[in-house]
Every structure is written in structure tokens, then in C-alpha cells.
Amino acid sequence: PSALRLVLLNKADAPEALKSFAEVLKVRLFEKQFGWPVFIISAVARKALDPLKYKLLEIVQDARKKRPKEKAESVIIKPKAVVHRTKGQFQIKPDPEVQGGFIITGEKPERWILQTDFENDEAVGYLADRLSKLGIEDGLRKAGAHVGANVTIGGISFEWEPMTTAGDDPILTGRGTDVRLEQTSRISAAERKRASQVRRGLIDELDYGEDQEASRERWEG
């Protein structure tokens, strides 16, 4: 459609002859012949400006109503599939200070170790399950670890007792129990910590502190 036109006849403050001529143009030419709205104004004297403003407002509002509504683009969020991967989540290296021992590093196993209450059998069993599912048991086997090998994760050392023997089915036990904890030869968390300190030369093996009698029998049993 053609653009709407408005005719503005300025200088309405001119002599009467000019205003009469403008009235003639308005009636005979623009409005009757072309159908264009005509406004006789005076920009200097600021006369007859309000009718012009109201007409412009009417035109704008009418144009907005006739404008086709734009459809808002739908934002489609496609969540990425979560892939559970174990490769590269931990590393197993020989312990340079313990013969046959291994050190395991990795964000997940180290965090799990710190979150575990080692005085709670169920918590320890849950930790063992998580480490096994992560692939640590298989990794230790491939690294040549034997049952009872000293394994250190996040500064915590323990004797490795695998949940399964290579090629065997897992041993099923009741909730909150772990057959590996029932072995009497397993040392406590405090003993593991002390052994680690002795191994690193932080304390003497037979030093139990002031007013404590040191003996190898006490340490071993």
C-alpha cells in the first residue's frame, strides 16, 4: 500500500492574503483531489500544532494495529546426553616408598575417601562399591597388585582386599556389611595413619609419645 501523506502549510502567521490562498489550496486541491489531510500551521508562532500531533498519533496507532503480529521464536533447549565414563578418571602408580604398594590419584576417588567415615562399616562398604564400579579394582589387578597390597588414596593407606577375585562373581552380603572388614588382620584407621607417618619418617616406629611405653608387641598387636 502507498504511504500516507500529510500536507503541512506553514507560516500561517503571514498576511491575510497568504492565509486565504492556503485555504483555497486546502479545500480545492489537496483534500478534495488527493484526499490528503492538510494542516495549516505556524512553526514560529507554534499555532495549530496540537491537531497535527493528534493526527500523527492516530496514524501511528492505526498502523501498529494493522501490522501483522510477529511470532516469537521458540527457544529449544536440547540437554546434552550425560555419558558416564571411567576412563581417565584415576591413575594408578607404584608407590616408590612401599614395595608392592600403589598410589591412586584422581578427583573422584580422592573426594570419596575424604567423605568416608572409616568408623562406619556401611560407609566403608559403600566406598568399596564405588571404587569397584569406577574400575579401580580392575586397574589394580592390571597393575599387578596382589591381595593385601598397600594402596594409598588421598593420603589414606589401606590393605587392598578386592571385592572379587579375577573371573569370580561378586560376593553378596547384607546391607551395611562388608566381608573385607570382618578379617581380623585388617588394621584400624588410626593404625593406617600411624604406619603412613612412620613410612614417611614423620615419627619413630616405637615412639608412642610422652608417658607411653613403646614396644613392638604393642605396635603389632
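Using the three backbone atoms N, Cα and C, a Cβ is placed for every residue, glycine included.
What Swiss-Prot records for this protein:
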DOMAIN    1-61  domain 'OBG-type G'
BINDING   ASN10, LYS11, ALA12, ASP13, SER42, ALA43, VAL44  GTP binding site
DOMAIN    82-162  domain 'OCT'
Long-range Cβ environment of ASN10 (GTP binding site), under 8 Å and at least 6 residues apart: ILE41, SER42, ALA43
For the domain 'OCT' (82-162), the number of residues DSSP places in helix, strand and coil: 31 helix, 16 strand, 34 coil
Neighbour-count leader, CB within 10 A, binding-site residues: SER42, VAL44: SER42
Within the predicted model, mean pLDDT of the domain 'OBG-type G' (1-61): 73
